[in-house]
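Straight from TrEMBL, the features:
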| type | residues | note |
| --- | --- | --- |
| BINDING | LEU20, ASN27, LYS156 | xanthine binding site |
| BINDING | ALA128, ASN129, GLY130, GLU131, ALA132 | 5-phospho-alpha-D-ribose 1-diphosphate binding site |
| DOMAIN | 32-157 | domain 'Phosphoribosyltransferase' |
Amino acid sequence: MEMLKRIIIDEGIVLSEQVLKVDSFLNHQIDPLLMQEIGRTFANRFGEDEVTKIVTIESSGIAPAVMAGLELGVPVIFARKRKSLTLQDGLYTEKVYSFTKMEESEVSISKKFLSPNDRVLIIDDFLANGEAALAMARIVEQAGASVTGIGIVIEKAFQNGSGKLKELGYRVESLARVSSLANGTVEFAE
Ligand code: G4P
């Protein structure tokens, strides 16, 4: 997606060979026009799949997921990282190990929002090692629903997330695939 690549080049900050900071348009401040285009692109790529729900994880997955939900006309569920006062029981829960943060956490979705008839598109802002996407896929499968695909805004293609998810049989579509962050420069695959 050319618009996304251009914004990554213009505004992304390479923090290290592993980490790209994109807080001016995706992770903190959000660019609504970019999000609208991201939603349209996901809808084009997954529009034939008869998706009934979108699942993402708070917080940075929510904006692209909502825009895709708007285009596809389906509800968007975000997995919560903390159990809220009103969300304690009747939950599907999975562990997520973050290699970036070197910590394990749990994510949960209320059982009432997923059913075995659902065809779920998973969306997330970043794909690194694939742990977050896998946790979402396991939750969808706990509900007896099916995962129709995984849509990623920025994939770090030099990490193994995409390979791991594809090996498990999931269709992965990334809007920008970063192949290297070496020497302070962003390079794209393809
Ligand atoms: P994984 O799920 O693919 O295995 O990724 P990992 O554990 O490495 O990532 C944990 C968090 O760090 C996620 O956000 C992910 O989006 C983010 N992240 C990973 N690599 C990068 C990167 O290069 N740049 C930026 N900006 N973020 C990255 P999170 O902690 O869930 O945060 P948020 O969704 O609340 O923003």
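Including glycine, each Cβ sits where the backbone N, Cα and C put it.
Highest local Cβ density among the binding-site residues LEU20, ALA128, ASN129, GLY130 belongs to GLY130, counted as other Cβ atoms within 10 Å over all protein chains shown.
In sequence order, GLN18, LEU20, PHE126, LEU127, ALA128, VAL178, LEU181 constitute the residues six or more apart from LYS156 (xanthine binding site) in its chain with CB-CB distances below 8 Å. On a Cα basis, ASN27 (xanthine binding site) lies 18 Å away from GLU131 (5-phospho-alpha-D-ribose 1-diphosphate binding site). For the xanthine site listed in the record, the two most distant Cα atoms among LEU20, ASN27, LYS156 lie 15 Å apart. For ASN27 (xanthine binding site), the nearest neighbour among the binding-site residues ASN129, GLY130, ALA132, judged by Cα separation, is ALA132.
According to DSSP, ALA132 (5-phospho-alpha-D-ribose 1-diphosphate binding site) is assigned to a helical segment.
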